[in-house]
Amino acid sequence: MKYKSQQVAYWFFALCMLLFALQIVYGFIMGFARIGMDGLHDWIPFNTARAVHTNLLVVWLLTGFMGAAYYIIPEEAQRELVSVKLAYVQLISLAVVGVAAITGYHFNIWEGRKFLEIPRELDYLVVVNVLLFLGIILATLFKGKWQTTTALVMTMGLVFAALLYLPGMIWFDSQVTDSFFRWWVVHLWVEGVWELIMGGILAFLLIKLTGVDREVIEKWLYVIVGLTFLSGILGTGHHYYYIGVNKIWLVVGGVFSALEPLAFLAMALFAVYMYRKGEKNHPNKIALFWTIGAAIVSFIGAGLLGFAHTLPQTNLYTHGTLVTAMHGHYAFWGAYVMIVLAIISYAMPNITGRKRHDKTNGHLAFWLSNIGMLGMVVALGVAGVVQVYLERRLSMDFMIAQEEVKIHFVVMLLCATMFATGIGIYIYEFIKYGRPTNEALSKKEETVLVS
Amino acid sequence: MLSKSQARTFFLGGTVVTFLIFIGLTIYSMAPSNDQSNHQNITEQVIKGKHIWETNNCMGCHAIMGEGGYYAPELTKVIDRRGAPLVKAILQSPIPWAPNGRKMVAYEMSDEDAEAMIEYLKWIGEIDLNGFDRIVSPLAKDKLKD
Ligand code: HEM
Ligand code: HEM
Ligand SMILES: [Fe+2]
């Protein structure tokens, strides 16, 4: 770590850990409700648990992206953040808005639009908060010595993510139009601009961890984000097949969304290839695992499992079933959770000065959470396929089919326990060895690889 | 070999072109002549129904047009399948509706609210969903076994 202001990232990452833990608690509440143990129904009905689970996910990932930006941008631009004080103000207001929204969900205060449940009044506060964040990042970037491609791509992703939040704030009388523009936020985030943020973080980590020449890495970064937008923008059509809009989307969405896996494939090949090409002597093995892991698992979760139900002929039957939930879990995990855990794993030793680079606990956290998540996804996938077959092909009643798939949720909960253990260890390490120190700054202990 | 500036051109060019096509297609599918939702049938009551649907986050458990939670049945053509009186009774029930053990929240809606909700669901049920409404069993009544 070169600049003291990078330490702000620590508190963003700490908020991530807290919200992630809570997200998992609400996941368990839903999992248990699905096997008939819904004792909390009067206080936390399923729709509350669901809104909290998915919104916490989105909020903590965004918090992680912000933390990553506060860590990466000073280093890339080669100057301190323009204001550390404002960064803390931004963090605290973000936490306040987040907590207010989540609390509201327990009192029937929300806007039941999947993934965008935050009530519109709070949306305005979100906008102010994000503007403050972008102000700090943009000012730092453009007052800095360099505007590297890595920093520019990441910042572009953050700016577009903010802009795309706006279509989700408009009220429409028609459910069809409402749904249409809801996807401008949800789809264009995860299959568009968030991939720029992911790509930027990935490029930064690869430059640091492998020592491969920046020019080479950044050239391929352009190719990857080029593929992302080329396929992902028109790929939005895969959500427009069956929501009451023109059939043209069956063709456009089908063709372009079928190309979306290419961007993820490129990302996986890119990471593996750069790793092979680079020097293998960076001590932070844990960060390397998460980084390469993110690139590979995102290809499986988003690319392959997304492709599995993206053609209109398949989607006709899988649309709105547990098959979607299966893909949602692995895609979010591989692409965004893992990349945030990667940058945290990379940044922490540099912020704290404690070189916990290759410890057993770190590896344990990686493997337990990954194997646990894979098990959950397989269980959800089996449940999903059985549901599609029974309910949609054999025309069985919804609840009768649900009874049939109950057993798979028992399996899912077992795997979720393994997953939660892994994440528990990760968080334990974060807390135990976490606090920033000034020695980290003065000692300049950071390993620098040159190629 | 590809140079960095060629890679940048590919990125910027591809983005601008596909974005423009996307906007074009959006305008095309929003054109009144391409409406499949019977937009003219959206009455005050339907709008009120949508508002109730949102403020209670029904979508947190149920799906509509295939969007929402997977915990409770798809509601796209529910009036067609179950009839308005039953749906109204469920919405007004003072105890949680739980025909197969899985509980719904007891909303105890007023007459007025329950009727708005039903108008909304009726409107949804008439949208042309490119086959999803005719081919897939929980939606298409004739495809459903009793
Ligand atoms: C990291 C990237 C991705 C993430 C985080 C992600 C996440 C999700 C989530 C959460 C949903 C459920 C949305 C809802 O019903 O409200 C979804 C739906 C869907 N995703 Fe992805 N996805 C990603 C990439 C992809 C890719 C690359 C493809 C195609 C190749 C794809 C294909 C689909 C399809 C077809 C649906 C609609 C499912 C349905 O009809 O119910 N996804 N995705
Ligand atoms: C202990 C771990 C977890 C459990 C037991 C769990 C369980 C669940 C359940 C039961 C649902 C609701 C599905 C429905 O509507 O019926 C859900 C939704 C969801 N969860 Fe999790 N979850 C866990 C962890 C995670 C993690 C780590 C992520 C992110 C990587 C995640 C992302 C999501 C998403 C995106 C949805 C919405 C899916 C959709 O609508 O298609 N969950 N989860
Ligand atoms: Fe999508």
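FYI, residue positions are counted from 1 along the chain as it appears here.
Each residue, glycine too, has its Cβ placed from N, Cα and C.
Copied over from TrEMBL:
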{"type": "DOMAIN", "residues": "A:8-451", "note": "domain 'Cytochrome oxidase subunit I profile'"}
{"type": "TRANSMEM", "residues": "A:12-33", "note": "transmembrane segment"}
{"type": "TRANSMEM", "residues": "A:53-73", "note": "transmembrane segment"}
{"type": "TRANSMEM", "residues": "A:85-104", "note": "transmembrane segment"}
{"type": "TRANSMEM", "residues": "A:124-142", "note": "transmembrane segment"}
{"type": "TRANSMEM", "residues": "A:149-172", "note": "transmembrane segment"}
{"type": "TRANSMEM", "residues": "A:184-207", "note": "transmembrane segment"}
{"type": "TRANSMEM", "residues": "A:219-242", "note": "transmembrane segment"}
{"type": "TRANSMEM", "residues": "A:248-275", "note": "transmembrane segment"}
{"type": "TRANSMEM", "residues": "A:287-310", "note": "transmembrane segment"}
{"type": "TRANSMEM", "residues": "A:330-352", "note": "transmembrane segment"}
{"type": "TRANSMEM", "residues": "A:364-389", "note": "transmembrane segment"}
{"type": "TRANSMEM", "residues": "A:409-428", "note": "transmembrane segment"}
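Same-chain residues lying 6 or more positions outside the transmembrane segment (A:85-104) and placing a CB less than 8 Å from one of its CB atoms are 5, 8, 11-12, 15, 19, 22, 52, 55-56, 59, 63, 66, 70, 110, 117-119, 122, 125-126, 128-129, 132-133, 135-136. Contact counts against the transmembrane segment (A:124-142), taken as Cβ pairs under 8 Å, peak for A:149-172 among the stretches A:53-73, A:149-172, A:287-310, A:330-352, A:409-428. Contact between the transmembrane segment (A:53-73) and the transmembrane segment (A:184-207) is supported: at least 3 Cβ pairs lie under 8 Å, counting only residues 6 or more apart in sequence. With respect to Cβ pairs under 8 Å, the transmembrane segment (A:184-207) is most closely packed against A:330-352, considering the stretches A:287-310, A:330-352, A:409-428. Long-range contacts of the transmembrane segment (A:409-428) within its own chain (CB-CB distance under 8 A, at least 6 residues past either end) are made by residues 17, 20-21, 24, 27-28, 31-32, 34-35, 341, 361-362, 364-376, 378-380, 383. Beyond the ends of the transmembrane segment (A:248-275), by six or more residues, the same chain brings 191, 195, 198-199, 202, 206, 209-210, 212, 216-217, 220, 223-225, 227-228, 230-241, 288, 291-292, 294-296, 298-299, 302-304, 306-307, 310-312, 335 to within a C-beta distance below 8 angstroms of the stretch.
Tertiary proximity for the transmembrane segment (A:12-33) is limited to same-chain residues at least six positions away from its ends with a CB under 8 Å from its CB atoms, namely 40-41, 44, 46, 49-50, 52-53, 56-57, 59-60, 63-64, 66-67, 70, 91, 94-95, 98, 102, 337, 340, 344, 347-348, 409, 412-413, 416, 419-420, 423, 426-427, 430-431, 434. The average per-residue pLDDT of the prediction over the domain 'Cytochrome oxidase subunit I profile' (A:8-451) is 95, rounded to a whole number.
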